[in-house]
Structure formats: C-alpha cells, structure tokens
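Data first, discussion second: the structure below is written as structure tokens.
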C-alpha cells in the first residue's frame, strides 16, 4: 500500500480531528518527510492508492533464500575498522551486556575514575608517597579508596552477570532450520539471514521472518504481539498465495530460491515494503506477510518462513534505544560541590604556602633552634608547604562521602523491595528497585509519562450494560444519594449476579447483575432482545477453538471478545464458521446462516457490517454495529422501516463495555496531581478512547478546558507569526518571559493526535522554536494526552520535556512499546503485568500495579530525598568543622603544614568516630510518617523545587563549619595560654591541646547530628553514644604505653590522653567549647520553627484542620452527567478478509487501525456504544 504517512482528508464519518492525519515517522530523512507531508496529493478516503514509486535507496536490502554464501559476497561487506570488513547482515545473536572477562577491570575502573572525587584521591595517594611533602602517612588514603572502588565494582559485576545470563538463555533457544535439504535443530544464535525456519505452536519467533506457508488454510498464522506492542489479543498474518500453494513440503522449501528486495532494517513496527522475485515473477510484500521477532505463534500447528532481518537488525532490537547511564540531580550537584571545595582547597593551600614563605624569611631562617640542616630557600619551602597543606586539608573532600552515599542508596532500595504495601499478593510480585543509584530522584519528579493500555487499565474488557429498544438493562438500582445511609438496610438486599446454570455453553467467569434481562430473553417474547443478541453473535470476526469440550474464543480485540461472550451467555452461542457461513445456537436449536458479505471494521468506517440470508422467504438482512457517531447518521428517519441500505438502519440497541481501570488509579492520579506532578498519557489509541480514559481515571475533570490538536496548531502558528513580525525579540527572548498561551483562568488540558513536532531535535536552531513553543504550551496544562504515538515518538516527547524544561521526568509502562520511553526518562518504572517482561528488564523500578506509584514517590521518594539532603548537608559540615582547625592552627605553627591532631585521629575520624550517626540519619530519618506523607501530598513540593540541598545550603554548611572550627580551636587555645595544672605543671603542651580539640569536636559533631535527627530509634541513640564511647576507647588504647613499646615510631602520643583528661580544668574547657558551638544552632532552629515554618512543620496544624473539616457536612453537589462516546470496536481490522470467501472481496483498507482501544465506562457517566 502507499506510505503510512500520507495525509488524508477527514473522513466524513469521524467528527473533529482525524485520527489518522499523522505522519507516522520515526526515522524518515528530512527530504523524505518533506515529500510525504506536502508533495502528495490528498486522495479521498475511499480511492484506491496510486502506485508508489519506490526509489532504489528504499530497497537496499537483498536476501537470497537458502543461500548462505550469497550474503558473504564482497558487495555486502561494510568497513568496520581501518581495513577490517564484515558482512552488513547481522547474525542472530543479541548482546545487552557491558563487560566481558577481559574488559571488566579496565572499563570498570575507567568508569569509576571518571568520578571527580575518585580521581582526586588517586592523585592524593601519589602525593602522599613522595617523602619530601608527605605530611600524613599514605595508608590514610589508600584503605578508604580501595574499599570504595571494590564495593562499586562488585555491584556492577553482579548487574552485568545477570545480563550475560539472560542473553545466553535467549541466544541458546532452539529452532528448526532447513540445512542441506532437511530441517535440523539449531540454536537461535546460529540462524542467518536467508535461512528457512519452521516454527511450531507457542514458539517465539527467532528473527524477522517472511511467512511462506502454514498448516492453516490460506497460510494464515496467528501471532500474539504482547512483547512488541503490549497487546495480548491475537493478530493474524498471512503468506502470499503463490508461496502458500507451492511451498508446503520440505522438498519444495529446499528448492525455494527467491530473491527478496526490501527496505533497510529500521525501527518502524507498522510498516514494511518489499518485493519478491521468484521464477521471473514479482510479488509485492507488506507487513501482513511478516512475522516479527518477539511475537509468539498461536493457534497454528506449524508455519515456515524466510529470515529477512536477524539479531540487531530486527525491529524489536531497533526499537530498544540505547541504554543510558542515569545520574541524579543531587549527584551532579555533589560533583559541582566537590569542585567548589577543591577550588577552596587550592586557594587556602596557596595562601598558607605564601604565608610560610614570608614567615621563613622573617623568622624561620633566623631562629637557630629551627635549623633542620637542609639548605632550601624560602620559596622552595613555600612550594613544598603548598603540597603539604593540600594533603593535610584533603579531608575537606571526604572520600567516605561516596561510600556512604552508596550505602544509603542501597539501604533505601532494600526498603522499597521490602515494602509490604507495594507487594501484590495475587501475582506474588513484590516491588523491585532494579537500580540503586536513583532513589532520591524519586523525591523530585515533576512530570510523569504514562502508557495507557495495561498500565492505567487492566486490558480486560467486561460487558456491563446494554439498552435494547430504548430500555436500559444492567444498572444497579440505587437509593437516591440523600438516602445513601440506608442503602444496606434489609429491604435493599444486595443484588445477586445472574446464575448461568441453565446454559451449558455459558462462560462461568462472565458476571451480569440484571436478572430481569435474562428472564426477558429466555421468555422469547421480545423480538428486539432476540435480534440484539443474534446481531452480537453473528456480526464479528472472532475465531473459535474447541478445547476439551470448552469453547475458546480468539478475538482480534478484547472488546469484541466481550460482546460475543455476552451473547453466548444469554443463549446465543457462536459455534463455528466457514468462509461463507456462521453457525450459532439460538437458545436450544442450531442454525446456520449464509453470509453474503462481511464488511470489516477499520478506522475510517468505525463500524462493521454483515449481510446474511436465511429467512424462509430468502430475504436478506444487514447487521451493523459501530460507534454511536457513525450509526446515528445512518438511521432511518423514523427508524422502523425495513429498508436494508446502509443509510437507513434500524436501531436495535447499544452496549456499554468497560476496560477495567486497575485498582486505585483515579485516587493515585488525583494524589499525584495534588503534589503538583504533571501527568501525561502517551498512547497508541485513538482520541475518543484516550479522552474517556482520561475522564474515568480523573486525569481530566469537568472543570478543565480541553484543547484539541487544531486548536494547538492555531495557537502555535499565531505565536510563530508574531515572532516573525518582530524579529528583534529573538535576541531579547531570554530576558522577557513569554506570555502564557492560555490566558483565561482555570485549568487546561491538552489532547493531541500524532506528533509532527515530535521528530528528533536534530534540525537547525530555527526549527527548535516550534518545539519549544509546543513544550511551553503543554507544560501550562494540568494534563496532556498524546494519542496515536509510536514508541520512538513516546521517547521523543520525554526528551523534549527533559531538554527544554530541565525537569525531572518519570516514565511508566508495561510493554515493549514503552521500553524506549522508559530508558529516556530520568527514571523508568516498569509494571510487571499481563505483557512480557521487556519493560521491566529495562526499567529502574518495577512493581505490579499503577497505584503503588504514589507510595513510591510520595513516601519512599520523599523520604529518600529528605534523608539524602540532610545527610549531605551534615556531612559537609562535619568535615569543614574538622579540617579547618588546621587552618587556624597554621597561624601559630609558622604555616609549616603541621597537623593539629594526631595522625590516627585523622585516619579514623571519618571511618569510626563520626560516620555511624550520620549514616543512620541518611537511612532511617522520617520527618513525618508514611500515612501523613500520603495524606498531605503538598509535602512533596520541596523536593521538586530542590530546596533542601543546593548551593545556598552548601554555603550555610560551610559557614557553620567555619564557625564551629573557630570555636573548637580558639577556646581551648585561650584556655591553654596561661594555665597551671593542679600539680603545678602546665598541661599546655601540643599533645594535650590536640586531645582537647579532638574531644570537643567529637562531642560537638555527635550532639549536632542528634539535634538534626527527627526520628529517633534505638539504633540512632546507640550510634551517637557508641561513637563517643568508641572514640574514648580507641584513644586510650592508642595513647597507652604498651602499644608505644611495640611500634615506637607510629604511636607517639604516649600517655597524652590519660594525662590531659585527668585535669578537671580541661573537662571544663571541653564543656564550654561544646556549649558555645551548639547554642547558636539551637536558637536559630527555634526561631526558624516559630517564624518561618517549613511545609513539614505545618503538618500538625494541617492535622487539626482536617479534623475540623470532618465535623462539617459538605454541601451535596451533583456532577455534570456527560455522555462520552468511545466506540468499542476500535480495534485493528479483524479477520474479515480471511473469513469471507478467501480472496474474493479482499480489499486493503486504506490504513490499519491503530493499536487496540478500549471503552471506558466512567463512574456516573455511561459510555454508550452502539
């Protein structure tokens, strides 16, 4: 057929914007696009297609059947590297892993050393080995560095081994290949382009294969495409007539030698063009002849096919998108802060080095007692002092920062995995955090992009209500809303579902609440009701199978299956069909109807009709079912005439089907909207269906103003025209904020079809302006629904928002068609549901139900963000407070890069003395519990705005650290200046001073973290007291005489601690220092809570308000009842062509209907479908 993307005029049947007027373009080139969208004349919908001129460039792929050597010819080689060449035809093995045994160490180390901090520590280690400038022993850096690199490497290794295992499993699957004239078993990875393959029922299809023949008549083959597009219903494919007739036997297949010319491998799932040359004849090929990798053969005993694309060339692999390395915003901030600290470090070290130069010239060189026997001049000593200070002050950039961050993230991931409230018992699926590096990003999400089918809905249809000849059936009769209180009183006993035991063909799973209709139909008095169910049992394209005496229906869409099942339960059982007859069982007698024509559903007609005869007098009758919009136009004026043209129909009735929303979807969406998260639904469905779903899951509400495609285009073109008229504004654009698109007050929602603006942003700058406009406009809306978008376009929407809004995005989906979008977003969530595991495999988080998303974001995400921010702020503070004491000390030590503490204290400070309490705050802290987090979604806002950790917080931590280090140094310094101990000896030596400052620091830091902890557990308490205890324990050990005797050169502070801490005077000094360090902080915190309370601090008032509200009864409001139509049978073409007389009236419909749609029944609003 012609190109998918040609524009068509609005078909008369569809009201409003046309579903199909979308260029379905994933990777068309610019010139091709230009041709496809403007150059082609617009044909009326019914007209036959003009023949398409295929340029030779389109058909660059040649495949010769049963001829492996042909594909190795030099003309099919492509250059790989320098002069190494390899065939352009990919093998069938796939590879998703990152490392192998040889590359693991070098690649992994390279990736880790790309982190600024790791590289910095490596450089420090090298500096510390140089004896000239080494002021601290080298092991203070080596041990932490090895631990960090080791932990991360092991984690990467485990991840990659899992990928290796999966690839191996897939590549070693078995398949039957025709080799040397007969079928032999071969592994998938050994299949090559041009091989003939035999597939059995329920096999996965190993590559993209041209269907040659199958065991079904007409070489039909049914496939389930769940892995590709997330739909569980069957699609049919068919072989060419010529191959069906001539290629059934093994011998015939072995002699098959056709040459296929087709398009190059691409990622479009909806299009395939090719030509088969065989025995000097040419046969056109299209998508219906292709079995795509990732699908499963169903209802077909066996089929044969020719491999066209293998491995990486297949459409499913082409759609995968690249695996991107995802980083969180906080990660980036942290890196920038490490650079900032590094810059500070260089400045401070340079300043102190200059100080040392001058000091040496003035004092050091003249003091005879400082003579060290080296003849180095002042500037050289200054230079050495610079490097010395870099080593001394290196703890400003703590190596344990990265280890601690990894540990915290790991812990938070475990909490997500262990959360019982995100465990789905029916399927036994717990939530799973598949990456451990993104948790705090979950607390900063601004946009959610969701798939519809299977993500918001269950993709299971149920027949709920119907109206026959103007009477409605299936409604639950309710008391009026005022009397809701009494609804459970004895006189309104709960309604029993219908008992189907009278009908041996009934489907036990089918539930219907209205017993009256069943009695009505069984009485056989009402002709309309009989006709209604007869129509449902005749007018469809369902295939039937007999499994162990049970009838199993295979429908082209779940909604069609639901209607036929309904008819079956009401006593009109569809039993079997041939090409031109249908046999049904009406109540208790079998009847066979002759079918004269079957006009199948497609997206223009939006209806399907069947013309049948079997009246005793041979009269002919037409049955038609379709969307209300289409049927109403075709009704006879008084709707009782018996004319049977398609413009004067009788209305028998209407049905209402529901594609059940997953539990809790509307509440979840409402919650997330309250947290100011914008939700976009991207779906392959048609507009009406998507809109209905939008209403029923409360994404769209009645108070929203809805804007459709044309409206949007008009606004965008006005904006562009204005820009052209005042060209100088382009330069001023950055200063002047753009005026909003929607000026009237109130909420806006956007529903657009297809995406001409969704191409890759590889165009010139001028072309990106419309994209920016589109994104700006969409982001002004509360809700956006994009219909009829391809997987590639889904990803493009996400990257547009990421690029122009710099916002944190999350994608959630469940089928392979969402993989690209899941990989593109900052965070990808897979739903482990009905459809394949593709989405889950490429996601960062996976769970079983959409409703768990609110807990993932509002509870786990928020907590992770708050914990991480608190952790980082405190971590920077404790390291500044610790390190800057050296800076103040240097003024009194001749800037000689002498350390203010003992070496061992420096080594152990970040490892033992101060790390545990902070780590536990990062793991366990909660400002409010999970119930309140969900109850007040507004608490989520600080994360989106990033207010808890940014440069402002960083500098506050820096100044807090400077303040504390000043006090910790100068109060003991003042106390030591003119003291006398009790025994007449002054404890004013350097070692006692080091002990006092170190002890003050440990107390201050551990008590400060206690002030910052909002959620106390036994563990936190233990950690704070334990850290202080460990400090004293280790210090007394290190300062003991025994250890000095064993290692005299390493442990030099013999007896310092026991001597100093004997003096009450020094204890008073420590208490004074700690008190003065903490008092200002306590005052500031108190003032902050009273004068500028944060959202979290207001929670208690919120609680009280809630209780007050509960006491007041709310005014009763009636919702506007609005009727929205969604034609249920909006599925792709059914099996009509095949059923009706094989080939006779088979004509290609103009375009394929999009992926299956569903009807939605809205609470309090019926979706009535005729």
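Including glycine, each Cβ sits where the backbone N, Cα and C put it.
Note on TrEMBL: of 844-865, 932-953, 954-975, the range annotated with the feature transmembrane segment is 954-975. Checking TrEMBL for transmembrane segment across the ranges 795-814, 815-834, 995-1014, 1015-1034 points to 1015-1034. Which of 736-756, 757-777, 904-924, 1093-1113 counts as transmembrane segment depends on TrEMBL, and there it is 904-924.
No contact links the transmembrane segment (904-924) to the transmembrane segment (336-360), because fewer than 3 Cβ pairs that are 6 or more residues apart lie under 8 A.
Taken together, the residues in the domain 'P-type ATPase A' (171-235) have a mean pLDDT of 87 on the 0 to 100 scale.
If one looks beyond the transmembrane segment (113-130) by at least 6 residues along the same chain, the residues whose Cβ comes under 8 Å of a Cβ in the stretch are 136-138, 140-142, 144-145, 148-149, 335, 338-339, 342, 387, 390-391, 394, 397, 399, 401-402. Reported as a whole number, the C-alpha separation between residue 451 (active site, 4-aspartylphosphate intermediate) and residue 818 (Mg(2+) binding site) equals 7 Å. All protein chains included, residue 814 (Mg(2+) binding site) registers 32 other Cβ atoms within 10 Å of its own Cβ.
Here the transmembrane segment (871-892) does not lie next to the transmembrane segment (1041-1059) in space: the count of CB pairs under 8 Å, restricted to residues six or more apart, is fewer than 3.
DSSP assignment over the domain 'P-type ATPase A' (171-235) gives 11 helix, 32 strand, 22 coil. Compared over the recorded positions 451, 818, the count of CB atoms lying within 10 A of a residue's CB peaks at 818.
The 10 Å shell around the Cβ of residue 453 (Mg(2+) binding site) contains 29 further Cβ atoms across the protein chains shown.
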